[in-house]
């Protein structure tokens with residue numbers, strides 16, 4: 001091969017000067033092309049991260065304190081190892097050594113029992129039996145059934161995975177929706193996607209999982225139709241907003257002693273049920289070791305599990321570098337309007353302005369005298385990222401700050417990536433934009449979110465941010481006070497059980513444990529993990 005590129009000295013001497021130059025240029029170009037080709041993948045990775053000189057000076061911890069494994073090809077999922085570079089500061093919350101060890105053990109278990117393995121095929125065969133009392137087999141599974149909006153899905157995925165981690169089950173994800181278009185595979189050398197030929201997701205049962213389903217655990221428990229002598233091959237766990245306490249308290253010790261023997265669990269959920277796991281003393285012992293800082297549960301699990309696909313990550317990096325990267329400070333504002341607003345947005349805008357100015361997140365508007373005094377050659381730039389279905393919010397904020405100077409002399413620029421007016425769950429492009437915006441919000445320095453919004457919960461917890469929560473308006477009026485600063489970055493379990501397990505049966509669920517208390521953004525109910533007592 002090398003000889004094909006040699007040119008004898010005799011031939012070169014007979015050539016004219018122009019030909020010599022042409023050959024030299026051609027040969028140099030060839031070497032450049034070969035060099036470029038060999039390094040193309042590396043250059044692609046560098047271009048995607050778009051890291052500036054200041055960012056590269058930060059100590060590199062792509063594995064986030066061991067939370068991530070190095071057993072993946074970077075190019076297949078750029079966000080996995082490159083998210084770190086977009087965050088202005090590394091997260092102060094470090095994963096425990098016990099959590100890191102537990103995740104590595106889980107990865108080996110998933111690889112041994114995942115789809116297309118002999119253990120998986122053996123477990124599938126047992127689904128057709130009427131009774132599973134004879135043997136559990138080596139591998140047990142929990143199937144997450146997709147439903148509801150993206151925020152709900154991510155919260156429930158993290159909840160189900162933590163339950164799988166505690167009970168040594170294999171999590172398999174229903175992929176009939178758009179999971180694979182949004183997220184990369186989280187476990188090396190295997191897949192978390194449930195094969196489409198899984199028998200319990202056929203047309204008959206696809207939308208038949210509800211409280212009336214014959215093997216719904218909550219219903220069977222109420223009817224006393226399940227016991228340790230007759231173990232079904234699968235159970236359906238109903239953990240939605242309309243669940244009964246008999247559904248929600250499947251986490252209790254006495255329930256787990258029976259459920260633990262069932263090979264297959266199928267879960268449909270739209271709530272973040274992690275706080276209730278702490279009601280089980282066995283789980284609590286393990287959870288304390290996994291998460292010494294209790295408010296970091298979703299923060300760590302989300303950074304481990306959720307890695308946007310390259311298509312989604314392109315949206316994040318492009319928008320970030322175009323609008324947010326040069327700002328001195330970034331503020332995220334996520335606004336969810338429940339019900340039909342019918343064009344009535346003024347009370348919401350008033351609430352956002354009242355909250356952000358009262359909490360010094362946005363500057364006050366300057367008086368005529370102040371506008372003359374606060375003249376700076378290098379004014380501070382504050383970028384405000386608005387995430388909402390309605391473009392009116394960013395439009396109103398833009399008009400306010402473009403027409404009236406700020407009292408501090410700061411320049412306030414407002415951006416809103418999308419405003420589609422209608423939530424279009426399961427539409428690929430809509431869900432991809434939603435995921436991109438969650439990540440963009442997580443990159444801000446401070447964040448304000450709407451009460452009861454799972455979109456907001458994911459965003460601030462992913463970024464390790466304690467949010468300002470906007471109280472839900474009533475009768476189209478601005479609440480007073482407009483917002484409250486949360487003492488925890490954990491999401492809220494919006495519809496928890498009313499009481500605790502066994503010994504705590506008669507106790508309000510928000511008063512059982514000092515670190516599991518009611519949420520700040522709900523008048524009644526809701527459970528949340530706190531480190532501050």
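Placement of Cβ uses the backbone N, Cα and C atoms for every residue, glycine included.
Within the listed segments 14-34, 35-55, Swiss-Prot records transmembrane segment for the stretch 14-34. The two recorded residues, residue 396 (N-linked glycosylation site) and residue 475 (N-linked glycosylation site), show a Cα separation of 21 Å. Shown in sequence order, 258 are the residues of the chain, 6+ apart in sequence, with a C-beta less than 8 angstroms from the C-beta of residue 227 (N-linked glycosylation site).
The number of other Cβ atoms within 10 Å of the Cβ belonging to residue 475 (N-linked glycosylation site), over all protein chains shown, comes to 5. Cβ neighbours within 10 Å of residue 396 (N-linked glycosylation site), excluding its own Cβ and spanning all shown chains: 19. According to DSSP, residue 396 (N-linked glycosylation site) is assigned to a helical segment.
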